[in-house]
There are 2 protein chains.
Amino acid sequence: MDERAALDLVGGLVGRAGDDAAVVDGTVVTTDMLHESTDFPAGTTRYTAGWRAVGASLSDVAAMGAEATAAVAVYGAPAFDAADLEAFLSGARDVCERVDAEYVGGDLDGHDEFTVASTALGETDDPVTRAGATADDVVCVTGGLGRSAAALRAFDAGDVDRANDLFQFTPRVAAGRALAPYATAMMDSSDGLARSLHQLAAASDCTIDVDEAAVPAVDAVADYATDDADAREMTVFFGEDFELVCTLPDDEIATARDACPVELTVVGDVTGDTAAASSDGAVTVGGDALPDRGFTHGD
Amino acid sequence: MDERAALDLVGGLVGRAGDDAAVVDGTVVTTDMLHESTDFPAGTTRYTAGWRAVGASLSDVAAMGAEATAAVAVYGAPAFDAADLEAFLSGARDVCERVDAEYVGGDLDGHDEFTVASTALGETDDPVTRAGATADDVVCVTGGLGRSAAALRAFDAGDVDRANDLFQFTPRVAAGRALAPYATAMMDSSDGLARSLHQLAAASDCTIDVDEAAVPAVDAVADYATDDADAREMTVFFGEDFELVCTLPDDEIATARDACPVELTVVGDVTGDTAAASSDGAVTVGGDALPDRGFTHGD
């Protein structure tokens, strides 16, 4: 069973699973585990690891349209080096500070592989879920995509400083708060844009057509992509980016864009409900199927 | 640097670290990581693993005197087997149900070693910390100690069903709530009674004298201990039990015992402040030093 099938199983057994975060009486909680072999390439500093692990959880809070309040993490490593641990904590605290949350501690665990389990908390009276997109909404993304794909290329190329910088993303908490009053559905792009859109379409029971030419890429994509097809792979499929993907009514896009503290780009339209889906599937590009593939942990 | 030194470092860098859980605006949050090589002996079922991992975090909520509200967990494993995952989730849900909390999901992670990161949330307006014990308080523990030590012996002896049963403890949330109005300091016994008392004495800046004959043991200790010294090792030092250790005024012990839904046993006295500590250290047994040793993760 791969991770997607397993997640479907969990969704069937745990009523509140299936969105970016659970919401219990207005408190948002979300947890992630990252580890060296799959998430922290050689060259990733412990500062970056702390930033990125805690940031990934804060991104899930952002995706619910919630205020971020606090985060904790478990630092698992074969040995506890003071400089490493201090750097990790600095990164964890700095990413919390970036989104006005507080890093409040966690735990240590002796672990063969460097592993971080992070948990973020938030508050919202009105969470935005993945379900709620309706026909005639537009589909938007914040910021630019391809950041993590570019970071991996930078690590491979030995551009370690640039790679670490790219790996330290800003969780879109402020954007999520700004978009919450307008967004009909929202999630983060951590599984890649294509897969995220498939997930959003499935949760909202709608069809989406994407304008691939409009998909915004971070500048670093152009520096590392070998050609247009490669750039597309980096921005549309690769994933591990932490932008917000949301739907909102066409007539609110201008207002939402004014409110949003980062670039908000329209990348497609909700074209109908699932009953109207063609045999090409729920998500298309100019009418052709967009493959449902991207980043699956546990592959 | 061993885990204790590393935790001291974290405590110096993260203002809210150092107690069983952090409290942010009345919300209690705590996180733990458990993994196969150190926490789940051969024979531990996935049901037990789910129960125990989530229970360990709920125990930290209990130690703050808080109501437990919710828990999440990350299930990291080399492969996702449906029966294993369902069993894990059942254990996680059942331990939450035991303490009136809700299991609200989590995440999956492909991981070489079976690893669980659990997080529990709670609510309290008046958390009980490790600091606050004063001279003339008595020192109490809930339930019986030695449960996990006995469980490991049972695993070794091939008594797998009994071992799994012993590994499924009841987090003392109800007891913690009942004791909170009376307790001057509280923590759980996960590092072992001896080490927990040293930690409580350090946080409260007090000295403690223990009546070892009074330390309550679960019945299973007698079944597996080779002699009295071994039984002492299992109950006083071994740790990984999840009882509450607390201090409260001598004249409130009867009322607190009536309120507490589990056995509450007086195991010692707060004998003075640290300035009065003898050269034998802050925690003694009939005047002789009680070694500050117990369960240290990461050893």
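From the backbone N, Cα and C atoms, a Cβ is placed for every residue, glycine too.
These features come from TrEMBL:
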- A:Asp20, A:Asp60, A:Asp188: Mg(2+) 3 binding site (BINDING)
- A:Asp20, A:Thr30, A:Asp60: Mg(2+) 4 binding site (BINDING)
- A:Thr31, A:Asp32, A:Asp107: Mg(2+) 1 binding site (BINDING)
- A:Asp32, A:Asp60: Mg(2+) 2 binding site (BINDING)
- A:Asp39, A:Glu240, A:Phe295: substrate binding site (BINDING)
- A:Gly106, A:Asp107, A:Arg130, A:Ser190: ATP binding site (BINDING)
- A:Asp191: Mg(2+) 5 binding site (BINDING)
- A:18-123: domain 'PurM-like N-terminal' (DOMAIN)
- A:135-274: domain 'PurM-like C-terminal' (DOMAIN)
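Note: the CA-CA distance between the residue listed as 'Mg(2+) 5 binding site' and A:Asp39 (substrate binding site) rounds to 13 Å. Using a cut-off of under 8 A between C-beta atoms, the binding-site residues A:Asp20, A:Asp32, A:Gly106, A:Glu240 that neighbour chain B are A:Asp32, A:Gly106. A:Ser190 (ATP binding site) has A:Asp60, A:Glu240 nearby among the binding-site residues A:Asp32, A:Asp39, A:Asp60, A:Glu240, counting only those with a Cα within 10 angstroms of its own Cα. Listed in sequence order, the residues of the same chain lying 6 or more apart from A:Asp20 (Mg(2+) 3 binding site) and placing their CB within less than 8 Å of its CB are A:Thr30, A:Ser59, A:Asp60, A:Val61, A:Ala63, A:Met64, A:Arg130, A:Met187, A:Asp188. The most crowded of the binding-site residues listed here (A:Asp60, A:Asp107, A:Asp191, A:Glu240) is A:Asp60, judged by how many other CB atoms sit within 10 Å of its own CB. Least crowded of the binding-site residues (A:Thr31, A:Ser190), judged by neighbouring Cβ atoms within 10 Å of its own Cβ: A:Ser190. When secondary structure is read from DSSP and collapsed to three states, A:Asp107 (Mg(2+) 1 binding site) falls in the strand class. Same-chain neighbours of the Mg(2+) 4 site beyond A:Asp20, A:Thr30, A:Asp60, judged by a C-beta within 8 angstroms of the site's C-beta center, are, in sequence order, A:Asp19, A:Ala21, A:Val28, A:Asp32, A:Ser57, A:Ser59, A:Val61, A:Ala63, A:Met64, A:Ala120, A:Asp188. DSSP assigns A:Asp39 (substrate binding site) to a helical segment in the three-state reduction. Between A:Asp39 (substrate binding site) and A:Asp32 (Mg(2+) 1 binding site), the C-alpha separation comes to 12 Å. Sequence-distant neighbours of A:Gly106 (ATP binding site): residues of the same chain at least 6 apart with a C-beta under 8 Å from its C-beta are A:Val72, A:Ala73, A:Val74, A:Tyr75. Secondary structure of the domain 'PurM-like C-terminal' (A:135-274) per DSSP, as helix, strand and coil residue counts: 68 helix, 33 strand, 39 coil.
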